[in-house]
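Participant: Okay, these came from Swiss-Prot:
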ACT_SITE  ASP297  active site, proton acceptor
BINDING   LEU176, GLY177, ARG178, GLY179, GLY180, TYR181, GLY182, SER183, VAL184, LYS199  ATP binding site
DOMAIN    518-564  domain 'F-box'
REGION    107-144  region 'Disordered'
REGION    441-512  region 'Disordered'
REPEAT    736-778  repeat 'WD 3'
REPEAT    828-865  repeat 'WD 5'
Amino acid sequence: MSWLNNPSQNFVDPFIRIKCILGDDIRIIKFNSNISYGGLMNQLEQDFQCPISIHQYEDYEGDKVTVKSKDDIMEALTMYFELKALNPTKIISTKFFLKQLPPQSQPLSSSLSPTQSLILNNNNNNNNNNNNNNNNNNNNNNNNIIQHTDFPSLIINEHEELISNHNIKWQKGQILGRGGYGSVYLGLNKDTGELFAVKQLEIVDINSDPKLKNMILSFSKEIEVMRSLRHDNIVRYLGTSLDQSFLSVFLEYIPGGSISSLLGKFGAFSENVIKVYTKQILQGLSFLHANSIIHRDIKGANILIDTKGIVKLSDFGCSKSFSGIVSQFKSMQGTPYWMAPEVIKQTGHGRSSDIWSLGCVIVEMATAQPPWSNITELAAVMYHIASSNSIPNIPSHMSQEAFDFLNLCFKRDPKERPDANQLLKHPFIMNLDDNIQLPTISPTTTLSTNTTNTTATTTTTNNATNSNINQQQQQQQQQPPTRTQRVSISAGSSNNKRYTPPISTSTSSSSSSILNNFSINIILPINLIILIFREIKPNFVNTLSRVCKHWKQIIDDDELWNKYCSDRLINKSKFEESITWKSNYIKIYKQQKVWFHNKLNHSTLKGHDKGVFCVKLIDDQGMVLSGGEDKKLKVWDISGNHHHNHHSGIVGSISKKSGLNIINNNNSNNSNSSSNSSSSNSRYLFSLKGHSGCIKSVDYQRQSGSDVSRVFTASADFTCKIFSLKTKKTLFTYTNHQEAVTCINYLGDVENKCITSSLDKTIQLWDAETGSCLSTLRGHTGGIYCVKTDQVATHGNGYNHLVVSASVDKTSNVWDTRSSSKVRSFTQHTEDVLCCYVFDQKVVTGSCDGTIKLWDIGTGKTISTFIPSETRQKNYVWTVQFDQSKIISSGKTGIIRIWDIYNERDSRSIGGHHETIFSLQFNNQKLITGSLDKLVKIWSID
């Protein structure tokens with residue numbers, strides 16, 4: 001987070017946030033303090049994708065001021081930044097009221113054309129860019145690349161290989177892993193047959209994406225550290241290249257995986273294996289320390305093992321070069337479970353911090369658990385390491401030599417810890433069994449400059465990629481029960497949540513009880529308090545407030561909660577603006593806890609003859625609608641009160657058919673635990689018939705009261721139908737589509753319209769009373785699987801005229817139904833986009849590429865990418881829904897996944913269906929699913 005970048009000073013936000021209003025299109029845009037008028041207009045036109053002018057602005061007193069010249073606008077900006085200078089911690093915001101200009105018109109005279117590249121770097125970066133342009137003025141292509149990517153000058157200026165035009169002859173193989181901004185592939189050198197790993201990072205505008213900027217800066221740091229390192233126990237870098245589409249990083253391919261992944265496969269290691277690996281880790285650390293480099297993130301996930309048992313240190317994104325006195329480094333880098341006390345307390349650290357982390361890795365290898373695994377709260381772990389005099393538990397089964405070795409590594413005073421060379425002479429390392437031979441290491445080879453056309457352009461490559469490859473491989477092979485996070489104060493945070501070593505919950509201690517055992521008068525560094533605050537949970541607040549005198553003020557500071565929530569992309573609902581940010585987060589956390597941990601009961605509705613393609617839950621009415629391949633829409637009563645006529649005559653006319661009322665109730669905490677029993681809490685009511693093809697989608701309309709009056713269906717027979725639930729007859733058939741209709745949405749009684757998507761590549765808006773087509777949206781080049789409206793707008797102030805579609809053409813489009821025009825296109829999926837869902841100006845899409853992407857309507861930028869573990873089998877994501885606390889998805893595997901939307905992880909997996917799930921919907925504390933296995937399941941939370 002930017003507010004943690006300088007822990008010794010108060011947070012100073014260099015931006016102001018301006019609410020820009022163009023008709024019904026409202027966006028909050030951040031502007032840098034040194035932006036010019038031309039840059040301002042350029043940024044506005046790029047965001048709104050049309051020529052505009054600023055008509056009015058709102059001053060600090062809330063009055064609207066009419067703009068007469070560009071000087072008025074710049075004077076307003078100056079005023080806002082002066083206000084911010086007076087109160088640096090206050091978030092200053094205002095409003096710009098915009099007007100759209102005709103295409104040939106231009107806003108008030110601008111110094112920049114809309115097509116020029118706008119670079120908003122600080123003065124140092126600007127100077128660096130100028131120097132770089134002077135050095136490369138003979139290469140126009142290179143300059144174009146720099147303007148196109150706007151990468152940090154650290155990469156462009158210090159690593160000239162990034163703008164080389166040499167071709168790299170390699171063939172892309174199987175995908176090894178995916179991340180939010182790129183994919184990792186196995187590569188084959190087409191000339192030599194050499195295998196290597198390649199991470200391709202798609203080029204986007206990093207100025208608007210701080211997460212990507214941190215990733216690229218981490219890459220640059222690794223390249224800088226590793227460009228001259230060559231050692232048998234350090235991952236070998238092959239090179240880096242940059243073109244106009246991708247940043248490609250080439251590195252040694254390690255097929256064995258990391259220590260953490262091996263622990264997940266084989267369990268704890270024997271002491272002999274630990275000795276073999278520890279000796280090689282020490283050899284790598286000795287080389288690094290001799291070359292004035294501290295790794296700062298030694299842990300099992302960053303130590304790779306090849307097929308011959310050779311250890312390779314990887315992931316140098318947290319590393320630091322030093323010279324002379326090394327205690328000057330006071331920033332917090334690494335993963336807390338493996339951190340030395342001086343790192344967490346930020347009292348200065350050096351090579352000895354790597355030695356402490358090595359001891360933690362030995363404990364990890366001996367137990368298959370991270371150190372401090374008996375403490376469940378990450379914040380409590382950090383406090384425990386910093387404030388107590390204890391050391392990690394040493395496994396009792398280890399030898400006396402191992403005990404002595406670990407006690408040396410775990411000296412609380414870093415000055416008392418031996419260095420790597422001294423530990424290599426310790427009996428624990430020297431006294432290997434006579435019949436044990438260390439792995440034979442072949443000589444290290446380097447790339448010669450005359451082979452740059454066939455391999456990589458230089459010998460510098462990004463090591464973070466190698467760690468990402470192996471961590472993403474581990475993610476497919478193990479179940480992570482807790483969260484491991486890399487944290488950084490001095491240079492922003494860089495999160496790594498992909499691997500969490502298994503821990504035993506039976507030995508877990510209460511974080512509150514651990515903290516309460518410590519003195520409450522200890523005063524911790526304010527930077528540590530802020531860092532712990534980032535990991536805080538609401539049920540932990542009261543305990544932390546007793547830790548030291550700073551906490552009461554911090555916990556009640558809603559501005560800090562605002563920054564905390566903003567960093568996690570947590571928003572407040574516009575209908576609940578009066579609640580505090582603290583209350584907002586606690587509310588979301590409670591919602592997550594219910595879905596992530598509470599017991600699940602489920603019932604099974606049997607009666608469909610073929611697969612179920614659509615379901616709809618009407619929870620307050622105790623009703624379920626389901627349709628599918630058998631061409632019938634079935635209506636179910638799940639209220640359990642079958643004698644109370646609350647469905648306006650529907651229950652009174654039940655068609656009692658045998659074989660349609662088979663209900664199984666199961667209790668489930670996870671995908672593996674369930675028990676079966678029979679019940680009659682739910683039953684089939686009747687079917688709505690009339691379609692000649694399978695029913696693909698269903699929606700409904702309520703009467704003026706609360707009962708459901710009309711049902712809307714979309715079918716593969718090219719038609720849509722409106723049914724009356726009271727008479728069970730067709731009221732109207734819509735026939736304007738030319739191919740199968742895939743999705744239907746009723747837009748509410750105010751609009752009284754329906755919007756439908758079809759494989760005929762169109763979206764149609766039509767009147768639900770007359771059936772007349774009001775507008776047709778065209779722009780997709782393939783069939784459309786899904787169309788959705790913003791559920792916050794639909795359930796709040798009404799339909800907001802924006803819809804989102806998912807198509808066979810691999811894109812998801814945002815449409816304005818008033819102008820029948822495409823507003824934005826999301827193109828980050830690599831295969832068909834099968835489903836989408838819209839909530840509070842954000843969209844979740846699921847694809848045949850096996851990924852789920854959360855993205856923002858206003859910018860079209862990816863916020864997060866969620867990757868089910870079965871992605872390697874290319875299992876399609878057919879259905880997805882989300883709200884402010886979670887994402888729920890499913891698809892080809894029949895497994896339902898509940899995702900933590902803010903930590904990008906799978907928090908719960910539910911089994912129950914044996915084939916593809918095509919539809920799901922959740923509402924309050926119920927979830928309903930429909931599957932190709934002919935079953936409809938209803939999941940309810942205790």
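The chain as shown is numbered from 1 upward.
Cβ coordinates come from backbone N, Cα and C, glycine included.
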Participant: Other than its close neighbours in sequence, what residues sit by the repeat 'WD 3' (736-778), given a CB gap under 8 Å and a spacing of at least six beyond its ends?
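Facilitator: Residues packing against the repeat 'WD 3' (736-778) from afar: 693, 696-702, 710, 712-720, 722, 784-789, 794, 798-799, 803, 805, 807-808, 815, 817, 820, 822.
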Participant: What are the helix, strand and coil residue counts for the repeat 'WD 3' (736-778) according to DSSP?
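Facilitator: Per-class counts: 0 helix, 24 strand, 19 coil.
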Participant: How do the residues of the repeat 'WD 5' (828-865) split into helix, strand and coil according to DSSP?
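Facilitator: Reading the DSSP string over the repeat 'WD 5' (828-865) gives 0 helix, 22 strand, 16 coil.
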Participant: What three-state class does DSSP give ASP297 (active site, proton acceptor)?
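Facilitator: In three-state terms, ASP297 (active site, proton acceptor) counts as coil.
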Participant: How many neighbouring Cβ atoms, not counting its own, are there within 10 Å of the Cβ of ASP297 (active site, proton acceptor)?
Facilitator: 25
Participant: If you average pLDDT over the domain 'F-box' (518-564), what do you get?
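Facilitator: Across the domain 'F-box' (518-564), the average pLDDT comes out at 55.
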